[in-house]
């Protein structure tokens, strides 16, 4: 029997939950098996920024995980998930991952990704950045994690906030090797 490996999407308490929402919808559209984890603070920000209840996003996932539940399957390297995306990623979460501090199920699952050499994609959403933020990003990158900052391009002429968020969602799917058409690709013929 073939196991279809899941991609974990975690949303933490930074502004920019639209990035997590658009990534979730893109993964669903691509037919990917999705495990979703939303922190308590992210739940409040979803209500504020998106004007929806977090349950509306949870309905799109195949499985939901609680960040405070250390007994969840994704806390083990034997769990057959293939990648994890944290979008948006707070600086606190980044720091915990960079320093091997698995304080909850979310940071433990990220730790599993790094130790098992699975894809870990962090979408930090903070500006400006302190030196320690940059150092933590470098640490995660050196461990094999992918830092994909929420810095959308503008060559595709975004007409909405959703277009800008889809640019980042498309880049996340790109690094995971999932084909997508979430934004117009640069051809060099546009100038």
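Backbone N, Cα and C atoms are what each Cβ position is placed from, and that goes for glycine too.
Residues or ranges marked as FMN binding site in Swiss-Prot (evidence: sequence analysis): 13, 14, 15, 39, 90, 91, 92, 93, 125. Cβ-based neighbour count (10 Å, all protein chains) for residue 125 (FMN binding site) stands at 22. DSSP gives residue 125 (FMN binding site) a coil state; it is part of no helix or strand.
Marked as dimethylallyl phosphate binding site by Swiss-Prot: 155, 171. Sequence-distant neighbours of residue 171 (dimethylallyl phosphate binding site) (same chain, 6+ residues apart, CB-CB distance under 8 A): 148.
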Where among the binding-site residues 15, 90 do you find the Cβ with the fewest other Cβ atoms within 10 Å?
15
Reduced DSSP assignment, residue 13 (FMN binding site):
coil
Between residue 155 (dimethylallyl phosphate binding site) and residue 125 (FMN binding site): CA-CA distance (Å):
21
